[in-house]
Each structure stands twice: as structure tokens, then as C-alpha cells.
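The next block holds one structure in the form of C-alpha cells; read it before the comments.
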Amino acid sequence: MTNQQLSPPPRDFLCPITREIMQNPVLLIEDGRSYELYALQHWLRDHNSSPMTNKPLRDRRFVHNFNLKSAIEEYCTQQEKLSFANRFLSFNIRSGRIPSEWNTKPTLKIRLSLLGGSNVGKTTLARCLQYGVQSSFVHLNTAATVGPDLIFFYLDQLYENKYVIIIQLADIPGMERYESCCDNHFRNCHGALLLADSTDIDSLERAELYWYKQLQTKGKDHVEAILVCNKIDLFETNCDAKYRRIFFQRAEHFSSSHNMSIYHISAIRGDNIQSMFKQLILRILQSDSLLQQIKESSIAYDQSTNQKDSARRASSIQLSIQPATSLSSVHDDDQERSSSGACCKFA
């Protein structure tokens with residue numbers, strides 16, 4: 001999905017009088033040219049000549065040009081879609097609540113999973129996206145993740161000018177004893193970020209031999225995956241030229257073998273993080289099969305929510321129409337409890 005240039009309107013779509021795109025074109029029979037209806041009517045009130053040739057008109061009749069109108073409407077629809085698509089491409093990933101004016105709009109939820117062993121920087125990466133690289137939260141020491149941490153984001157542009165895009169980012173535990181509890185996030189994710197520590201070549205091998213294999217076994221058929229080599233800041237300063245060459249070769253072999261994009265990032269400095277997430281999100285939305293799954297899940301969730309809301313409203317109505325207990329019966333009950341109060345005392 002790339003920014004596409006809007007095309008100028010064909011000359012035949014422009015009214016010769018107003019020089020604007022026509023909305024209701026009519027054909028002047030005598031000169032055979034099409035004009036905007038209101039513009040031609042205004043012209044003929046003051047002139048008895050053709051707007052194009054300025055020759056006197058013997059026949060002032062005109063008819064609607066429905067074929068031209070359909071062609072103009074199709075052109076305008078295409079240009080509008082291109083405009084919406086280009087605007088969407090400028091989106092940024094935001095945390096927090098969506099704008100209140102979007103509360104009634106349909107939503108599409110994209111599920112992303114951070115996959116990788118311990119100490120590759122998954123939690124730091126999630127914090128960087130959530131709080132920004134300047135936040136002190138990014139630089140805090142982190143304990144090992146023991147359960148999938150879920151963080152939610154939204155895109156600040158509407159998709160197709162109507163859908164609110166929600167991003168669910170799952171930070172999956174990297175320690176072996178916690179991995180079995182995360183199968184659901186393999187099955188349900190639309191995109192996966194396979195993280196490796198650039199200073200630890202073993203983490204790259206484990207990303208390929210374990211995490212990628214788990215994703216292929218348990219994940220969706222068309223899940224979008226990318227290889228993320230983190231800690232490029234330490235890689236540049238602490239690793240010698242031989243190690244860097246070997247690491248690059250293995251990372252490129254891994255990514256090319258599985259047709260994956262590769263990103264070298266620093267979760268501490270914020271290098272390439274926004275662009276990496278944006279590219280993954282766009283690839284998911286470009287996948288017809290994944291987009292269809294996301295839309296179907298959204299429809300199913302909305303239907304389930306509506307059914308629950310209807311059930312709650314029905315329950316509230318039933319409670320509201322039940323007859324109120326009369327004061328006299330309440331008084332009688334109080335007297336009865338008072339008279340039998342001795343049986344409630346301890347012996």
C-alpha cells in the first residue's frame with residue numbers, strides 16, 4: 001500500500017462555463033456539448049448563443065447526459081477512495097482512549113504478538129511504542145514476563161474512512177515454563193514480530209528453530225511475520241566486525257528463506273520502531289484473507305455484544321415492571337420478625 005497520485009479530471013468532465021467538474025451534465029442539442037445544468041440555464045437566460053462557439057442558437061433544447069454523469073460519478077468515487085487511502089497512510093500509532101467522536105464507528109482489531117526468548121527486549125519494545133522513547137518507563141529494568149501482557153493502541157486515521165483500527169499487542173513470555181499458556185496468542189494473531197538479540201546469535205537461532213516453528217504449527221495460515229533484530233545500539237559498539245558479518249548473514253538467510261522482512265532496531269533509542277510497526281500493519285491490511293478474518297471477527301463480536309445488551313435491557317424491563325411490595329405487608333413482616341426474634345439469640 002503506497003501513496004498514489006490523484007489524477008486530474010478529463011476535460012470532458014469539466015463544464016465549459018464554470019470550468020468545474022459537472023454534477024448534473026446536460027447535452028445542448030445544437031452544439032453537441034455538455035454543460036452543468038444550472039450553468040447552462042443561467043447562460044440561456046442572458047444569451048441566445050452557444051457557450052462554446054458563440055454562434056446564434058436555432059434550437060435551445062438540451063437533454064440529460066446520463067452516460068457522462070455515470071462516468072463522472074465513477075471517477076469521483078475512485079478519487080475519493082484514493083484520497084482516503086493516502087490520508088490513512090499518514091497514520092500514527094497512539095495509546096490511550098480513542099477519540100470520543102469515533103465511539104459509534106465500527107472497529108477492526110488487529111492482533112500482534114511479540115515472540116522471542118527472555119532478554120531479547122520484547123517488554124522494552126512494547127514500552128517504547130506505548131510511552132515513547134523519551135519516557136523513563138522505557139529505561140526501567142524489567143522482570144521476566146510470566147504471562148502474556150496485553151497492550152492496546154489505535155491508529156489516528158480511519159481505515160476506508162469508516163473503521164477504527166485497534167491494535168492488540170501481546171508480549172509473550174520467553175521462558176520455557178510459561179510458553180504453554182500462550183498457545184491462544186499463536187492461534188489468534190494476525191501478525192508476529194520474531195525478536196532476536198543482535199548481540200546474542202543463539203537468540204536468532206532460537207527465533208527460527210523454535211518460535212517461527214511454533215508460529216507455523218499453531219498460527220493462522222496467512223499470518224504476517226517479520227524478523228526483528230533488537231539492541232542494534234549495543235551491536236554497533238560491543239560486537240566486532242567478524243561477529244557483525246556472521247550475524248547479518250544468518251539474519252538475512254533466515255528472513256529470505258521465509259520471505260520475511262527484517263528490521264534492525266533499538267528499543268532503547270527508538271530506532272525504526274514506528275516504521276516497523278506501520279509496515280507490518282499495512283501488510284496485514286493488504287492481505288485479503290487476513291482482512292476478511294478481521295472483519296468477520298469484528299462482525300461476530302458486534303453481534304454478540306448487541307445480544308448481551310438486548311438481554312440486559314430485557315432483564316431491566318422485567319425488574320422495573322414487577323409490583324412493588326406494599327407498605328402494609330412490609331410492616332407485617334417486620335412485626336413477625338420482631339415476635340420471633342428470640343429464636344435468633346444464642347442460647
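Every residue, even glycine, has its Cβ placed from backbone N, Cα and C.
Predicted automatically and left uncurated, TrEMBL annotations should be read as such.
So that you can see what the record holds, here are the features copied from TrEMBL:
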DOMAIN    8-82  domain 'U-box'
REGION    323-347  region 'Disordered'
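Taking H, G and I as helix, E and B as strand and the rest as coil, DSSP gives the domain 'U-box' (8-82) the counts 30 helix, 15 strand, 30 coil. Per-residue confidence over the domain 'U-box' (8-82) averages out at a pLDDT of 95.
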